[in-house]
Amino acid sequence: MSFKVAVVGATGNVGREMLNILEERGFPVSEVVALASRRSQGTEVSFGDRTLKVKTLDQYDFSDTDICIMSAGGNVSKEWSPKIGKQGCVVIDNSSAFRYDQDVPLIVPEVNPDAISLFARKNIIANPNCSTAQLVVALKPLHDFATIKRVVVATYQSVSGAGKEGMDELFTQTRAVFVADQVDVKKFTKRIAFNVIPHIDVFLDDGFTKEEWKMVAETKKMLDPKIKLTATCVRVPVFIGHSEAVNIEFEKPITADEARDILREAPGCQVLDKREDGGYITPLESAGEDATFISRIREDSTIDNGLSMWIVSDNLRKGAALNAVQIAELLVERGLIQPKKKAA
Ligand SMILES: NC(=O)c1ccc[n+]([C@@H]2O[C@H](COP(=O)([O-])OP(=O)(O)OC[C@H]3O[C@@H](n4cnc5c(N)ncnc54)[C@H](OP(=O)(O)O)[C@@H]3O)[C@@H](O)[C@H]2O)c1
């Protein structure tokens, strides 16, 4: 059984990673179609050792396509995902457009796979925000053991989370600093080279940013609405890999050793936690990896049943493309989708 898969946003950071991961994991494809805007028509992207010519989204007919992995921003998704879903093609959407819609499941397969059964309501499945995806992968097994009451998180998010333009801006500004050229600020609100910016997405009335709100809303939707979470989201001059300093308060006792043992066995998690120089993960090492890495696990004696830890993952993989492909795999494993065209 194999499926016709369209990747929308195939020329972008996440789209390219999507094509790599579909190929690496041997997802059963009969055909892969690369789609982007009119700007990219006719350009080429790689799929394994093949080259795909990019087609334009607004001229493509989805009627014989089985799965559409959508990674072209919220506005494109809002316009296109419902239309594509109505054509009987299941949309797995990377944007925030449908994440909070109660008729759209928001899925991290290691956390809430059973929620996928709702997908047929709109034929849309949402992929979470990159910072939330890696966080819930690590929180879920700890919540099952000791019930999380409250989480305080500070993120250190790489520029690739802001797309190709974000990576270009860090590169261009860094070069400009070294050659004593003028440093232009276009994509971010302040200079990102040799700096950190405590602002991702728009400000809300309560002073939090939309990125911070997303972490709260998505953790509640996927893991447990009773969990209290507060976040500070920060952009840092790192190309790939989001890091998080996380403090967790549990209802029941849990030691650092117990947490380490639980996380060692948990799906999608890798513990790298030696109390010595270099005995922890950094975002540079997470780039290109599938795991959510957990380091610096320690007890927080300032609260009852408290732990602190450091969680790092490749935001383009578990934070976006890998999770989307895992959702497609879940659809196939559970027999929730059949190819429209039978193999000859
Ligand atoms: N980066 C992350 O860590 C991350 C994590 C989770 C979710 N996401 C989400 O994934 C999406 C893409 O992010 P990205 O980092 O890959 O951005 P990106 O590198 O800027 O790429 C954007 C992609 O969208 C395409 N696109 C833009 N407008 C389009 C249109 N009107 N019709 C068809 N295609 C269009 C672009 O095509 P052209 O090349 O033709 O312009 C490009 O392929 C966003 O929704 C983002 O929120 C990103």
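Using the three backbone atoms N, Cα and C, a Cβ is placed for every residue, glycine included.
Pulled from TrEMBL, these are the features on record:
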type	residues	note
ACT_SITE	Cys130	active site, acyl-thioester intermediate
ACT_SITE	His242	active site, proton acceptor
BINDING	Thr11, Gly12, Asn13, Val14, Arg39, Ser40, Ser160, Gly161, Asn315	NADP(+) binding site
BINDING	Arg99	phosphate binding site
BINDING	Gln157, Arg235	substrate binding site
DOMAIN	4-119	domain 'Semialdehyde dehydrogenase NAD-binding'
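All features noted in TrEMBL, drawn onto the structure.
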{"residue": "Thr11", "record": "NADP(+) binding site", "DSSP class": "coil"}
{"residue": "Arg39", "record": "NADP(+) binding site", "DSSP class": "helix"}
{"residue": "Arg99", "record": "phosphate binding site", "DSSP class": "coil"}
{"residue": "Cys130", "record": "active site, acyl-thioester intermediate", "DSSP class": "helix"}
{"residue": "Gln157", "record": "substrate binding site", "DSSP class": "strand"}
{"residue": "Arg235", "record": "substrate binding site", "DSSP class": "strand"}
{"residue": "His242", "record": "active site, proton acceptor", "DSSP class": "strand"}
{"residue": "Asn315", "record": "NADP(+) binding site", "DSSP class": "coil"}
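Averaged across the domain 'Semialdehyde dehydrogenase NAD-binding' (4-119), pLDDT in this predicted model comes to 97. The recorded positions near ligand 1, defined by a Cβ under 6 Å from one of its atoms, are Thr11, chosen from Thr11, Arg99, Gln157, Arg235, His242. With a 10 A radius on its CB, Thr11 (NADP(+) binding site) counts 19 other CB atoms from all the protein chains.
When the Cα atoms are compared, Cys130 (active site, acyl-thioester intermediate) and Asn315 (NADP(+) binding site) turn out to be 5 Å apart. Here is what falls inside 10 Å of the CA of Asn315 (NADP(+) binding site) among the recorded positions Arg99, Gln157, Arg235, His242: Gln157, His242.
Note on the domain 'Semialdehyde dehydrogenase NAD-binding' (4-119): DSSP counts are 41 helix, 32 strand, 43 coil. Taking Thr11, Asn13, Arg39, Gln157 as the binding-site residues under consideration, the smallest Cα distance to His242 (active site, proton acceptor) is found for Gln157. Counting in whole angstrom, the residue listed as 'phosphate binding site' lies 22 from Arg235 (substrate binding site) by their C-alpha atoms.
One residue stands out among the recorded positions Arg39, Arg99, Arg235, His242 for having the most other Cβ atoms within 10 Å of its Cβ: His242. Note: the Cα of Arg235 (substrate binding site) and the Cα of Thr11 (NADP(+) binding site) are spaced 23 Å from each other.
Rounded to a whole number, the distance between the Cα atoms of Gln157 (substrate binding site) and Arg39 (NADP(+) binding site) is 28 Å.
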